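Q: So Swiss-Prot lists the following for this protein:
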SIGNAL    1-18  signal peptide
TOPO_DOM  19-207  topological domain 'Lumenal'
CARBOHYD  N74  N-linked glycosylation site
CARBOHYD  N139  N-linked glycosylation site
CARBOHYD  N170  N-linked glycosylation site
TRANSMEM  208-235  transmembrane segment
TOPO_DOM  236-287  topological domain 'Cytoplasmic'
Amino acid sequence: MPPLWALLALGCLRFGSAVNLQPQLASVTFATNNPTLTTVALEKPLCMFDSKEALTGTHEVYLYVLVDSAISRNASVQDSTNTPLGSTFLQTEGGRTGPYKAVAFDLIPCSDLPSLDAIGDVSKASQILNAYLVRVGANGTCLWDPNFQGLCNAPLSAATEYRFKYVLVNMSTGLVEDQTLWSDPIRTNQLTPYSTIDTWPGRRSGGMIVITSILGSLPFFLLVGFAGAIALSLVDMGSSDGETTHDSQITQEAVPKSLGASESSYTSVNRGPPLDRAEVYSSKLQD
């Protein structure tokens, strides 16, 4: 299986030579949110300009940016002497009146590319991504900093189509040695107004709607159950008070009856002695 850097390089190929290449969007493996409102991440032209033979001397790659138009595909980035243009973001109104140089970076030989096996290492991830990718529009302060020097890689405009071109420059001579084609139009994202965002739950799944309905009605049922429990407790308290009063009345009515029985018993007991005296008296008469 070929190394991953080779696959990335092949992703930029169109016909097989540097002149017939086009800059391509970075793979979603390395740039998930791409393009954004103001930036576009591109794959660097790795192993393209030096694919046939090693280059001698020091070389840099210039990245030019141009707003898409009817003539942008044939726009030139060099003068009649093969000297690369030095137009800036401000001079071209952000690429609307002509191409501007946004980024310049050293051409890394294929043999010196960092291994992608260490992409999982947090301390090395940024270095590896910088070696394989370039982000257009990444500098948000260069336009307003009066002390800024160098290329101003200013933010791009939202909802705008751009074209990009890589140019190989020999730093010893300062001349263009090779270049790619202009890329296909790449459109930056558009900011979605909040008023147009559809928050209606009708776009949710049926299961989500059922769960939302149940959770929404659950507090109501809990409140009804709580109120019912309070009402039942009050009814039970009233019933227990009525039974206590009834028992006390029965007890009070039962007391006189018991007393009456005692009186009758007492009376019967008191009648006992006279009977005994009569028996004694009759016995005396018999004697």
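Keep in mind that glycine also has a Cβ here, set from the backbone N, Cα and C atoms.
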Q: Of all the glycosylation sites here, N74, N139, N170, which one's CB has the most other CB atoms within 10 A?
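A: Compared across N74, N139, N170, the most Cβ atoms within 10 Å surround N139.
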Q: Could you say whether, by DSSP, N170 (N-linked glycosylation site) belongs to a helix, a strand or a coil region?
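A: It is in a strand.
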Q: Given N170 (N-linked glycosylation site) and N139 (N-linked glycosylation site), what distance in Å do their CA atoms have, once rounded to a whole number?
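A: A Cα-Cα distance of 26 Å.
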Q: Once the DSSP letters are reduced so that anything not helix or strand counts as coil, what is N74 (N-linked glycosylation site)?
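A: The residue in question, N74 (N-linked glycosylation site), is helix (DSSP, three-state).
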Q: Measuring Cα to Cα, how many angstrom lie between N74 (N-linked glycosylation site) and N139 (N-linked glycosylation site)?
A: 27
